[in-house]
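According to TrEMBL, the protein has these features:
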COMPBIAS  B:403-415  compositional bias 'Low complexity'
COMPBIAS  B:561-576  compositional bias 'Low complexity'
COMPBIAS  B:742-751  compositional bias 'Acidic residues'
COMPBIAS  B:752-765  compositional bias 'Low complexity'
COMPBIAS  B:817-832  compositional bias 'Low complexity'
DOMAIN    B:962-1010  domain 'WDR59/RTC1-like RING zinc finger'
REGION    B:1-23  region 'Disordered'
REGION    B:391-419  region 'Disordered'
REGION    B:543-579  region 'Disordered'
REGION    B:674-836  region 'Disordered'
REPEAT    B:136-178  repeat 'WD'
REPEAT    B:224-265  repeat 'WD'
Amino acid sequence: MNEVMQFSAGHEDLIHDVAYDFYGKRLVTCSSDQKLKVWDMDEEKGTWVPNDSWKGHDSSILKVTWAHPEYGQVFASCSFDRTVRVWEEQDQGSYENSAETRAGVVLEAKNGGRRWAEKARLADSKGPVQDLEFAPTHLGLKLATTAADGILRIYEAMDVVQLGQWTLMDEIEIFSGGQPPPDASTTTTSGVVITSHYCLSWCPSRFQPQMLLVGCGKENVAKIFRQDTHGKWHPSEQISFHTDLVTDVAWAPNMGRAYQLLATACKDGRVRIFKLGGASSGATGPGLSASSAPWQTVGANQKKSGPAKFQVEMIADFSDHGTEVWRVDWNVTGTILSSSGDDGKVRLWKSSYMDEWRCMSIISAEQGGGGDHGEAAMLR
Amino acid sequence: MKKAAVLTSVPAGSNGPTAGRDLPPSALLAQPVQHHVSPLRLRLTGQLTSVAASADMDWAVVAGREVLKIVAIYSDDVKEVLNLRAGAKMSTNFAIQDVKWGNSFAKSTVATAASNGAVVIWDLNRPNVHKLERILTEHTRAVNRISFHPTEPVLLLSASQDGSMRLWDLRAKSIARNAFEGRAESVRDVQFSPTNPYEFVAAFENGSIQKWDIRFPTQHERKWNAHNGLALTVDWHPDGRLAASGGRDRLIKVWDMKSESRLPLYTISTIAPVARVSWRPGSDTQLASCALATDYAIHLWDLARPYIANQSLEAHDGVTTGLLWRDPNIIWSCSKDRSFARHDIRAHAYRPLSCLNTSAAAWNVDGELTFAIDERPILSSAITATTSTSLPGATALANGPNTTGSDGVDTTTSSDESRLGLPPPIPATALTQGVAAAAVAAATSSYYPLRRALRKPPEKVVGDEKIAQYKPRQRTGIADTDTFDVHAFIAFATDLQLDHTDIWTSCDINAQLALDLGLLRTAQTWKIIQLLYGGRNPGAPEPSNLSALFRGAPDKHPNHHPSSSSLSSHQQSPGQVTPSAARALEALFAPLESTQSQAYDGNALDVPATGLSVRSDTIIGTNGFLEPQNRRLTVGSSHSDSALLKDIQESADPVLNKSDNWVDTYATVHRTDKFNSASQTPAHNGPFQVTDRPLDLDNNNDIEKTGPASARPLSGHHRQTQVQSQRPHHDHGQNSGRYSDEHEEDEEDGYSDTPDVSSSDSESSFTYGLKVGAGRRTLARFGIGTRPPVSDKGSHASKHTTNTIGRSFSRNRRRSQFSASALPSNNNSSDNINHASVPPRDVVLAPWNHEPVVRDTLSYYAEQGNVQMCVSIILVLGDLIRVDEKMEELWFWSYIDLLHRFKLWSPATAVIRAARIPSVRARNQESTTIHTICNHCSKPMLTSTPGAPNWACEHCGRLVNPCSLCHKTTKGLYVWCQGCTHGGHLACLTDWFSNDLECCTGCGHQCLSRQFSMAVDVGG
């Protein structure tokens, strides 16, 4: 950990998500103050300068996600107000007759909502939309959302140029119990209301069939959802081990590993990493299987002998945070996992020798700086 | 009589909070059921629109389209008491919009407002079933809201869709005392001030709210343009100063009714049109709201944190239409779901905040991590403890491992204060005090009289000072995790030589590039690839050609390689030396031949000093190689090739420097192997990550202190210390000593014995030494064994400074293996250097196939996420390496994706073009269409064969882009004058303009200025 740069987004309430664009030179932050803020990297100065800031939703904005730049400068946000909104940057001419932002000060009223136009509003959910993510680009312009109503929705843009029309391709009930999912909350016998939480993450791999990792609310599990041959989504592998709500899931980018990695954050205070192996033929081992079966063949196998399931193996289970863990995120190469929780710390995890995952460093909130505990951990 | 019974039953509810306050918080949580009012629900026959409480809060009247009933609310039950509609003959369009119960001075009076414009007064004291007392029908359209005067029981105010408000004196006969014309469209809400007997406030459909004085019925006193669209509701704060309004614009705004300001004090944004707002009793900052549509929940808002509802209550399955506070914690509500409900917000509401993540993080390609983190340990532990009974460790988890369960409960419950009250830290005290005060007030009287009678306003007037707004304590920052070397990635992406026709050169360039960037491991990898595959004669490195290769290397310098020829002959003896072993030797030879062939020349013995000094240099080179900041890196670079080369040759050093001393090397390796097995035990508790670096550090220091001149004795000395510092090596050292002795003898014997001794064992050990990539664990142990334990810490520090990760990879290990074996053998060789070299003849070498090692290397880099390396190696090696096609494709796609992320379009295109996987190559053929038109007739140029352009237009039959000078079609570069548009072949025009300034077509345009023509001359 070399340095921590202060980055003051100036939100008036909790920031719930930040997202880099594909190139890493643009940042969008969203907050409970209902504002979305876009930041651009000033490459000369090496600082983040505000691009625009506007009220994006009527309630807490929970997540933001960028679309691949081949679809333009587009991102989507989801909120407690039960909507998903898709935003696109406008040509300069259409807004730039007002005073520009100067000297690093956001003139929110001036630019507000004009630089970024709301292209679509998806209001199918009956509860707060808790997570969303654009599909990996090889699947087209698709957007998956989960909401407190317990439904996983997959949208697809009909016209990638206009972005105004999003078709709800699939509505999948995450809850497998059979009874209707609770609307945002359930009253337990003791009279305490627990609010459920659903989260999702696309499988980013180009060579796997479409898959989604979904945190399944009060079932206290994460599940992998796959499409069957008829295009219907079904829960497949169930990832247990959790003793409370799964608060976040992250499917690691795979840049050339023979296996897939998943990470979950859990309200029970733990970060867990899972390894998926033996997808197609049950062949295990880290080696690159010589029989190079392209994924189409995998699909063929599925037709014959049902969906070939991954072997899920928990390879790490960390309780370091001690309190609710809220987020897990993989770096771009899928080699380092970051987790953050209510303890006010970000921890970085990295696989050391022989797939042993260890804490690499800890970023704590108090100092705003980095403390490198990783080495001590390694020495032990 | 009945009322008395009710009165006795109710205090259980109102005492609840008081009891809770008096008890320690832990008790509150330990027995929650005791102190919370259980939720009550009563299903009715129709949709409800409004609910009102009797003055003493025992009874409620609920009203709807078909319903007008009085219900009695007990501590644990709710019962229908009276159906007011029973005797009244009212038409169905007489739907009730609002209902109000008279205050304590008119306990028996109930008023309803109907959609047909009638205001109906009911008298509960009437003895018969017909409770209807009178109907006031002055409004021409629906009456939306009515309000009893807080002190004058006979005064009733009504607000109607017809745009007027009327004040009724119930003593008078059906004639309004006053009519107030808002002149602002329909009136949606009206309410008397709780403190000023003359004031009332009204909300209008044009979005305004108005304050009126009943003594001046002609004109409103003040007006605020409060909402965009309809203003639907307004509620005075009990202090008579603040009022909250809600509108269809989904906003709740709080106004200072006494201020001149036209701006709201606070604005709360909700997710749905606001149907009703109601201040929480006893609180200056909290109010409840329900929505007109969409959102069925009741939200409790706090002005200090206007963006997130403090608590939410999912009370109904339909739109909540009416709500009122029974006391600071208990809400009565009615809904379109046909039910009346009573909830205790302490028990039945949830905190939206607890569902919101307090932290966020995101990675970008540069390895930067943007994060926002907050601390919420206490609150979260409370939630964990109360909600997750399935998690026994929850409290302990929150409070640390040493806290006991009971302690955990205490901790969690102490936070209940903050849960109940407000987000810590700022407003919590003020607010909870407020709530507590209210609770005390509720305890002293059996009902909560706030709304019923004029009260002395609280001493603290909120409007004077703004409520301290919540400020997120969240920290945001961008951490450069230094996990991705952007600079190197871009440099590699743009400058790597990926040409596979000359692997030697490509690898050389790449290694040098890596070296320049300080990426020693990468450089090393390239070097080894170069050695394994490069060969000086391209095309040779097929496994079958290894022997040829082996011979081939010396062929380059036939004069300098007498020893190699002997090796060749040695190799030719069947079964003695296998091709792969020879190959490995060749690999070791290769660098040497380019740098210091004379050192291992047959004449090496003639220049022993040179050979030695060179060797010590190369050792230094190795050390420098591992430590980027090492100045020693340059020491050896005075030689013809880079220091890097020497590094590798260093690993070959024992072999190379004394090519005659093979046996020695093998014996050493073998010994190392033995000692390796001895060092298994320490390897178990030691981290594997630390490889040979400490060793090198030692080397470094030692050698740096003394100059190269003293290299020889020093290296010996160094060896000694090394040996002493290491238990395993101790053994080893003895061994080597013994062996050196043997050597001296052997030397005379022509090595007849030693090869035999070693050959049986060294067969495996040498193979082992080279195939390090295959068995990592063993190797790591090996590494451990060779490293002095003392320097562990130092190595740790240094390990982390380099961008290479602690975990060593096969290549690295392999080299370490070499150096491990090299060091003792150097010792030997330095001892033996003066002895006559006798080529080993009987060495038996195991076959070694290096391809798996390379594949391992690729896997290693893939595991590290370094697809750049994978792809580059594959591209350079071309058909020489076969990897799983699926995997290769994944690497290519990943690499291309990464290149795109850095906007390195050209390298990405180059990689796509160079890829051998069709699906990757196809990417360059996607989505790019070039339409061409004839430059004469502007018709599209259609070609029958794609990619083959037409040189003449099919439509006008003219040549496309003919040269103005030679009149032939211009292919390739076409230059033209922007002034006259004539142009053609670059060569033609250069030729023309070398003599002329005017256009060659004779158009008269002077294409060139004189100045420029000179430039052309110079250029030509």
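Cβ atoms here come from the backbone N, Cα and C positions, even for glycine.
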Under 8 Å between C-beta atoms and at least six residues away from its ends: which parts of the chain pack against the repeat 'WD' (B:136-178)?
97-98, 100-103, 105-106, 109, 111-121, 184-194, 197, 200, 202, 212, 214, 217, 451-454
So what pLDDT does the domain 'WDR59/RTC1-like RING zinc finger' (B:962-1010) average out to?
82
Mind checking which residues reach the repeat 'WD' (B:224-265)? Cβ under 8 Å, same chain, six or more beyond either end.
188-196, 199, 201-211, 271-279, 281, 284, 287, 289, 292, 301, 303, 450-451, 455, 457-458, 461-463, 466
Is it possible to list how many residues within the domain 'WDR59/RTC1-like RING zinc finger' (B:962-1010) are helical, extended or coil according to DSSP?
9 helix, 10 strand, 30 coil
Give me the DSSP three-state residue breakdown of the repeat 'WD' (B:224-265), ordered helix, strand, coil.
0 helix, 20 strand, 22 coil
